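Participant: Here it is: the structure, laid out below.
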């Protein structure tokens, strides 16, 4: 019986994870559930899964959550704050940690799980974007098993031989990272500035949280995944090619030196990669319907349009520049997306703000997580300063 800690259980990935776990009560038990501020849903989840701990990141919500839990005669113990997140993620009782907290907020608890040598199901791409070298070094030192949950990286993982050592040893010529192009793939460029948060969050294929939905609309999500893939698979930027695939049926591909291309296919549902990683190397039922090849209308592919998606170009440039450029990229993006979702800036301002932050950025090679966090804080402050010039 695996003991599971779900970091970010009230988010899109967390909810999908619990859906899979509920189907396999003989295999998995929930040790801890965590949320940022969604008390109502967290209470519901505690009543259903009876975890030993429930952690709320916002310490101001500790008492309200504790009172709710106690009033329902639930035996779950309530904790609060970032340190509590790190504690449950690294607890000796825990076998696997689903790292599904969105954004930079997920770095500390995810790293705590890695340093404790856990089996880490990585859905928090920002951990690798911000601290890729340090993160992978920590995983190696602690013998932690990092399994990718992002559908694209999970697809690549499935297409690579195991055990995997390097692209060269595996005979890999190129990784083909696919992306749908989001809801604005065919929108006239002149119309992009008027797009609303609700329009940006209406993804044609995937059901996701609002932040990642906006990232998909700008294709920054693919840019962050590009950086993540470099670290996960020890690849250079030149060894990864982004392919726009509108149907989201092929989740990524690996091209080998002998001319073969292996692709992982399936209906667009995050429960598939979640189930794949939860009991890897064994396969379990995810609850996702099998792909009906006879119902497919076709599979299309094209190159990304960097004029339409300047955020994607900024991301690929950031990993090539190295240092703390990816940290600044991620921080500026989180600030800009939050302002856009609050309707304080235009959709096209997101990439413009990121570009302005990177243009003024003074990079260094961070040798500690503290240095990464310091760079993150500086970049956020700079992003707000830049955003003020856009009317915020």
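Including glycine, each Cβ sits where the backbone N, Cα and C put it.
Swiss-Prot feature annotations, pasted as is:
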{"type": "BINDING", "residues": "10, 11, 12, 13, 124, 126, 209", "note": "NADPH binding site"}
{"type": "BINDING", "residues": "125, 151, 152, 180, 203, 216, 221, 222, 225", "note": "1-deoxy-D-xylulose 5-phosphate binding site"}
{"type": "BINDING", "residues": "150, 152, 225", "note": "Mn(2+) binding site"}
Participant: 11, 209: which of these binding-site residues has the sparsest Cβ neighbourhood within 10 Å?
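Facilitator: Taking 11, 209 as the binding-site residues, the minimal 10 Å Cβ count falls on 209.
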Participant: When you measure from the Cβ of residue 221 (1-deoxy-D-xylulose 5-phosphate binding site), which residues in the chain that are at least 6 apart have a Cβ under 8 Å away?
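Facilitator: Within the chain, residue 221 (1-deoxy-D-xylulose 5-phosphate binding site) has Cβ neighbours under 8 Å at 179, 212, 215.
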Participant: From the Cα of residue 203 (1-deoxy-D-xylulose 5-phosphate binding site) across to the Cα of residue 209 (NADPH binding site), what is the distance in angstrom?
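Facilitator: Just about 10 Å between their Cα atoms.
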Participant: Which of these binding-site residues has the least crowded Cβ, counting other Cβ atoms within 10 Å: 10, 12, 124?
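Facilitator: Counting other Cβ atoms within 10 Å of each of the binding-site residues 10, 12, 124, the minimum falls on 12.
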Participant: Select the most exposed residue of 125, 203, where exposure means the fewest other Cβ atoms within 10 Å, treating these as the binding-site residues.
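Facilitator: Each of the binding-site residues 125, 203 was scored by Cβ atoms within 10 Å; lowest is 203.
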Participant: Pop the Cα-Cα gap between residue 225 (1-deoxy-D-xylulose 5-phosphate binding site) and residue 126 (NADPH binding site) into the table, whole Å please.
Facilitator: 9
Participant: Where residue 12 (NADPH binding site) and residue 152 (1-deoxy-D-xylulose 5-phosphate binding site) are concerned, what is their Cα separation in Å, rounded?
Facilitator: 17
Participant: Starting from the Cβ of residue 126 (NADPH binding site), draw a 10 Å sphere and report how many other Cβ atoms land inside it.
Facilitator: 25
